[in-house]
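Structure record follows, encoded as structure tokens.
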Amino acid sequence: MADEGKSYNEHDDRVSFPQRRKKGRGPFRWKCGVGNRRSGRGGSGIRSSRFEEDDGDVAMNDPQDGPRVRFNPYTTRPNRRRDTWHDRDRIHVTVRRDRAPQERGGAGTSQDGTTKNWFKITIPYGKKYDKMWLLSMIQSKCSVPFNPIEFHYENTRAHFFVENATTASALKAVNYKIQDRENGRISIIINSSAPPYIVQNELKPEQVEQLKLIMSKRYDGSQQALDLKGLRSDPDLVAQNIDVVLNRRGCMAAALRIIEENIPELLSLNLSNNRLYKLDDMSSIVQKAPNLKILNLSGNELKSEWELDKIKGLKLEELWLDRNPMCDTFLDQSTYISTIRERFPKLLRLDGHELPPPIAFDVEAPTMLPPCKGSYFGTENLKSLVLHFLQQYYAIYDSGDRQGLLDAYHDGACCSLSTPSNPQNPVRHNLAKYFNDSRNVKKIKDTTTRFRLLKHTRLNVVAFLNELPKTHHDVNSFVVDISAQTSTLLCFSVNGVFKEVDGKSRDSLRAFTRTFIAVPASNSGLCIVNDELFVRNASPEEIQRAFAMPAPTPSSSPVPTLSQEQQDMLQAFSTQSGMNLEWSQKCLQDNNWDYTRSAQAFTHLKAKGEIPEVAFMK
């Protein structure tokens, strides 16, 4: 932490640690005309665009193999066309095409001395797919189980590694066998590869123990502060010939695991001067050290503020970022502060400089949403009409043969289905059956596809409904709202839950919203002209409430075993409450045929909206 009263350009990089830095390195001392100078950092290195677009194997040399010359992003650097020692101090990228047959793969040696062949799997345009969905779909088509190593996105592609030729051949057979929701075929490209870096750079168990010992020496228990500044140069590590480079995934993972297992209460962490050029491997620190308040990332190679998004779950109060290339990209101090504070709104100090207090809005006060109201029908006549229609409709819909719904639809009827636009894992939740027909306009932008997903005419509509999973709806969960009504048209929606009754998804709970537009039918009923169905996974609360109150068996008359007095009481209670005979009898039986107590129970439950609409269907 900077000493009190120290000027902005004289602060040091201490986070309760004694090392000091040279003066004049503040992030707001720009030269005139100096902006983002990424294109001028050495001419002999391979451009990032080539690295990102090449399908060949990529090998990174050790970032500290060359002489150690401090990189200063705050001074103007001329373009260089020839290799310099400065450039050799940075990470080198070598792109090579492996011309060996795919079956041979790239050889790597595991810690137990066995040799493994590695293959890099590439999915062009894979970035548009959710990771879990993509891997689940590949696994469902692959003839052997596989363990994807180091899954990541690169430009528009998705990549991961597998470690033997048998798995690679099985994945090759999946090429173009997976169809996405837009009916596109997914390509899978297999290339032999060097072992992924997470495997190459794994520390051996004895090395992890030595790292743990060294980290304990660097930990200040009184301040709950861990100093990992320039860890690779630690004398004890160098003496034991242990190479710990925190910009390698395996090394960072080992360090974070030690923190999680030994000092999860950590408040301050110094990672300065470790040549970190990305923070992907550090993202788990949000869970492993949730109390972290002070983080020093100064003197690294972070080029973009977007890297901070990977750790923005931390509730940081102090952050050091000076001497990173990203500091060159800000035009002024206020932009720099506001950009960083977007990620860490509770930040009080940046690069040792006190910040103005954050503007806070009192939004954390608990607010309760008003309780959901019951159905709305407008009039009793409309209520009777709609409830009778829904009772008939879903009796046929859940019967197993939906062909009987033909009479419910107009000749020119139109129907569509949609699902959530970005589900976490559609395969795991078994929503994949609905995806190919989903017409979610937030996801489907192509007008031709949108039109194709509309089902026109009653024959096509019912044929489409017959292809959907077989269901059993919980009519007690229905909430019905009439939103528009004229003499020739009625628009209403119904919300509720259902479960699937066959296949792999048997007993899976779904929630739905269905909007009908109907016109009068010749039989004094309703005829559907437009049907929109939205299906999602039921929430935990909906699952808990689903099918909790089984519907009584329909009956048109009181149970014969009732006495005459009970039958008279039942008829009177049904007339006064408006409930049908089945639900009236249930209420009376639950209250031991005490008419007064039954009436009180009915009034109480109706006021709370706990009596389902089916109870009033006669």
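Note that Cβ sites are derived from N, Cα and C of the backbone, with glycine treated the same way.
Swiss-Prot has this to say about the protein:
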| type | residues | note |
| --- | --- | --- |
| COMPBIAS | 1-15 | compositional bias 'Basic and acidic residues' |
| REGION | 2-117 | region 'RNA-binding (RBD)' |
| REGION | 2-197 | region 'Interaction with ALYREF/THOC4 and LUZP4' |
| COMPBIAS | 19-28 | compositional bias 'Basic residues' |
| MOD_RES | ARG41 | omega-N-methylarginine |
| REGION | 60-117 | region 'Major non-specific RNA-binding' |
| COMPBIAS | 81-102 | compositional bias 'Basic and acidic residues' |
| MOD_RES | TYR125 | 3'-nitrotyrosine |
| REPEAT | 291-314 | repeat 'LRR 2' |
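Residues of the repeat 'LRR 2' (291-314) grouped by DSSP class, helix first, strand second and coil last, total 7 helix, 3 strand, 14 coil. Secondary structure at TYR125 (3'-nitrotyrosine), as computed by DSSP, is coil. For TYR125 (3'-nitrotyrosine), the same-chain residues that are 6 or more apart in sequence and have a Cβ closer than 8 Å to its Cβ are THR156, ARG157.
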